[in-house]
Amino acid sequence: MTSLNPTSNGKKVIVGMSGGVDSSVSAYLLMQQGFEVEGLFMKNWEEDDTDEYCAAADDLKDAQAVCDKLGIKMHTVNFAAEYWDNVFEYFLAEYKAGRTPNPDIMCNKEIKFKAFLEFADDILDADYIAMGHYVRRRDNSDGSVEMLRGVDGNKDQSYFLYTLSHEQVARSLFPVGELEKHQVREIAQKLGLITHDKKDSTGICFIGERKFTDFLATYLPAQPGDIETSEGEVIGTHQGLMYHTLGQRKGLGIGGLKNSNEDPWYVVEKDLVRNVLIVAQGGNHPRLMSTGMTVNQLHWVDRTGPANNSTITVKTRYRQRDVGCTLTYDDADNITVMFDEPVAAVTPGQSAVFYDGDICLGGGIIDTLIRG
């Protein structure tokens, strides 16, 4: 016997109110299910008061308006110090090392489901926390819980939540994970919530709408270098390897070269030793394709992970379709993964997340690529 959510029994849920439509509707749905609901707004980044890019003040205003409309308390907390130490420093260190990190995954791990949960426990006496993420939880008859993809395949966010522990999933509720996005907006509109037509947030929260290269340059000095073809010909100059990622097509500034075909150029390698960006033409160029990878910093939601030589599926980036793979343990902290078919633009530093059907098993950080 399994169920998708625990019963309320008047238990207290602290909802992470972001000022967006998903958390707004999450709070409403939990109230309808009989939970005692309160909101908690997190401030995770200390921007200048004059900063035109960060909408934290507007988000706080919207979150408060929603809580007032629903008739629930709203609390605020500042996690900027924790965010800087555990998310932003990691983000900078990874870029400095030539990798491409995903700070949203680290934010979920360290802030939204750790610092937030601790605050909800210690200060607000919570039974559960809830977020507006598009994932589901399943409660099994043996007391275990599993994290499943969201019903809306276009909005599923399990890729960003693979680092959650079994205990964190057991303490978390995800009401909108059972719905399609359009249904969430319809509920918000019927309720007259100010967030019903608010644009979804995109990009990295501490960058906002700013140009990524400009933001990064304020923290890491750029080191210009050559752009070479896969045959070794110098065809341009890059402004810094950290601004580029494997598989990147736009923003290279090397179109229309003599004696080359019209296929677009893609980044296929970053040579950190020589500070050279290597490019090749065509999205299926052999230098862009991988037949496997090694993955470390493993985390399994159910604590144990899949069995050795398991045949499951993997995503190596968000919104990528699942690819079949075979997973082999090299030791407790490292695995080798062989794909059922070649995969383009697998990127060290990004996360590989594994699935068994709809169940998110967990994942790790891509370390090295296997080609050929």
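From the backbone N, Cα and C atoms, a Cβ is placed for every residue, glycine too.
Cross-referencing Met31, Met42, Met147 against the ATP binding annotation in Swiss-Prot, which names Gly16, Met17, Ser18, Gly19, Gly20, Val21, Asp22, Ser23, Gly132, picks out Met42. Considering only the recorded positions Cys107, His133, Gln350, the residue whose Cα is spatially closest to the Cα of Gly16 (ATP binding site) is His133. Cys107 (disulfide bond) sits 13 Å from His133 (site 'Interaction with tRNA'), taking the C-alpha atoms as the reference points. With respect to their backbone Cα atoms, Gln350 (site 'Interaction with tRNA') and Ser18 (ATP binding site) stand 25 Å from each other.
Using a 10 Å Cβ-Cβ cutoff, His133 (site 'Interaction with tRNA') registers 26 neighbours. If you check the binding-site residues Ser18, Gly20, Asp22, Met42 against His133 (site 'Interaction with tRNA'), the ones with a Cα inside 10 Å of its Cα are Asp22.
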